Ligand SMILES: Nc1ncnc2c1ncn2[C@@H]1O[C@H](COP(=O)(O)OP(=O)(O)OP(=O)(O)O)[C@@H](O)[C@H]1O
């Protein structure tokens with residue numbers, strides 16, 4: 001959700017706090033961190049990016065920035081060393097019913113005029129409010145993404161669908177998470193694809209490990225303005241299915257604990273927690289399937 005771009009936005013209205021991803025730019029004061037958190041974060045950023053600042057005046061710094069090397073060298077995301085978050089309980093039928101009710105509004109006017117409140121959850125469904133809000137917002141986002149860009153006079157940033165982000169992003173749960181600078185993203189995505197191709201070709205990683213690493217790497221590069229979690233989960237599901245495993249849904253996890261798990265993978269270069277979560281989910285899906293037979 002784009003707090004900087006659409007501060008009083010329809011999307012911000014009613015969205016779960018935990019769903020916000022804060023965007024940053026030098027000109028905008030966005031942070032809600034304590035002084036200590038801000039200091040810690042600043043120190044970490046300087047540690048990673050100081051080489052960039054140090055070489056800013058020297059020839060070649062743009063190439064350095066664009067190479068994605070600073071972030072990559074610090075976190076080594078591709079080096080091989082060793083809700084309920086997704087668990088929205090609403091069914092497809094519930095979602096369909098919400099969509100039908102939403103459509104009774106003039107969606108174009110609703111999205112164009114950001115001051116208008118969105119239909120309240122109670123007017124859409126009698127299911128748990130936060131889950132209805134989540135589904136409502138996803139449906140509206142999808143509608144927006146699938147609507148020709150010219151239709152709304154929104155800032156350019158909102159038209160990023162299908163493109164790499166050109167702005168900085170910040171994780172909502174773990175303030176010390178460092179996503180790469182936007183200039184680093186294209187190079188890192190190239191590296192990500194090479195990493196996947198090499199791992200598949202060499203058959204060097206167990207499919208569950210590869211699926212987990214694909215998931216964590218995509219989340220860490222955070223290539224898009226929005227939808228990174230969904231894309232990462234879909235790509236992981238694809239790897240699992242191709243290798244004969246069931247696609248998993250992180251049913252027992254809160255977004256906070258998933259964020260902590262991903263943070264440990266990044267900052268501690270320790271994916272053990274993530275592997276455990278993935279493995280447990282695969283086993284639990286297979287067990288459920290077995291008992292249904
Ligand atoms: N500390 C973190 N490091 C890396 N990735 C994180 C961290 N915290 C959260 N994430 C990932 O970022 C995703 C949120 O990013 P984004 O809002 O772009 O994705 P989304 O698909 O819109 O959201 P959702 O996952 O809620 O559907 C989370 O789903 C999680 O996978």
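Using the three backbone atoms N, Cα and C, a Cβ is placed for every residue, glycine included.
Because TrEMBL annotations are produced automatically, they should be read as predictions rather than curated entries.
Sequence annotations record features per position, and here TrEMBL assigns active site to 222. Sequence-distant contacts of residue 222 (active site), defined by Cβ-Cβ distance under 8 angstroms and a gap of at least six in the same chain, are 165, 169, 179, 180, 228.
Residue 226 (ATP binding site) is surrounded by 19 other CB atoms, counting those within 10 A of its CB over all protein chains shown. Here TrEMBL flags 226, 227, 228, 229, 230, 231, 232, 233 as ATP binding site.
TrEMBL lists 139-288 with the feature domain 'Fido'.
What surrounds the ATP site, by Cβ distance within 8 Å of the Cβ centroid and not counting 226, 227, 228, 229, 230, 231, 232, 233, is the set 218, 219, 224, 234 from the same chain.
Among the binding-site residues 226, 231, 233, the residues whose Cβ lies under 6 Å from any atom of ligand 1 are, in sequence order, 226.
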